[in-house]
């Protein structure tokens, strides 16, 4: 049963109201370590958005035409992670050929992405909630953009916080977590706008 | 024997994966509003970390360097599937509540981190112990977090009501932002202790 949700609604919901990072805590590790620097956050955000959209589309097809018909549900995690690793590897080669400039920006981030929880998380959510193909792609694209938005915002905020007088034990990770908490509360303010689960 | 003890102390306190290295909060922070879910989830993480460390360490000389990462991921995925199946068979309600987060143990940075940093260069039994204790260090931090969130958010501990009904539950504690705040405060307090003990240790001189 495919839920009756307009893909566009799903798209905006996954950027704002149910931001994959701020409400589901996915992709936190790279989020915290990379957000120290604005330009690399931008690059990573772009790479995550791209990989997320493509892998979710591929995983949807694999789920529907390979895993379901052959009753291989129990292999789901392994298959998903292999698909993600393969797509990342392929993307790396393609970008390297087509646009060396883009490769300079994204190159170092692509291998990191294989173990980014957000990518696998979106694929698992897509499967769990039974989204159709179009819904899945919009959901993945929106989640990627939401992740990108969140990391760029945090990187910009952290730049300012670096100059602020913070108690010594709270420096670094502590104040960053509090910043993320406040960001999450701000994003919760969008919740009244769209309601999608 | 002292090697085991040293690893235990390092993983539980001085190099705690969550408090000091800030690794692996991705998959588990989301379920910390209930203690039972947190306990089961972190137990799963500990077992997966231990056994995947054991396996990776046992076959470490057979893995070509180039495919190291993907081999590790596959070993981890194998154990996660076992954990998932066990949970679905024995505690179906919890498994349903955890939803996709069990699968997300695969991408938990702690497991990859321990495999990379420890299992690559150490014998199997020691690696197993390292993985298990790293998971336990992770467990006590997240259980503390869950205890605070559940107590203030629902007034319960492990689902048993402990606070009187006159207590107004703090709705914010149930919602995602509070996980960040509580973890931040926890890190603040513990780092404060560590800094203070360092100052005492070095006779009042800061590093």
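Glycine residues also receive a Cβ, built from the backbone N, Cα and C atoms like all the rest.
Taken verbatim from TrEMBL:
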TRANSMEM  A:6-32  transmembrane segment
TRANSMEM  A:44-62  transmembrane segment
TRANSMEM  A:74-95  transmembrane segment
TRANSMEM  A:102-125  transmembrane segment
TRANSMEM  A:137-157  transmembrane segment
TRANSMEM  A:169-194  transmembrane segment
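The largest share of C-beta pairs under 8 angstroms with the transmembrane segment (A:102-125) comes from A:44-62, of the ranges A:6-32, A:44-62, A:137-157, A:169-194.
Highlighted: of the candidate stretches A:6-32, A:44-62, A:137-157, A:169-194, A:44-62 has the greatest count of Cβ pairs under 8 Å to the transmembrane segment (A:74-95). Listed as Cβ neighbours of the transmembrane segment (A:169-194) (distance under 8 Å, sequence separation of 6 or more from its ends, same chain) are residues 9, 12-13, 16-17, 19, 22-23, 32, 35, 150, 153-154, 157-158, 161.
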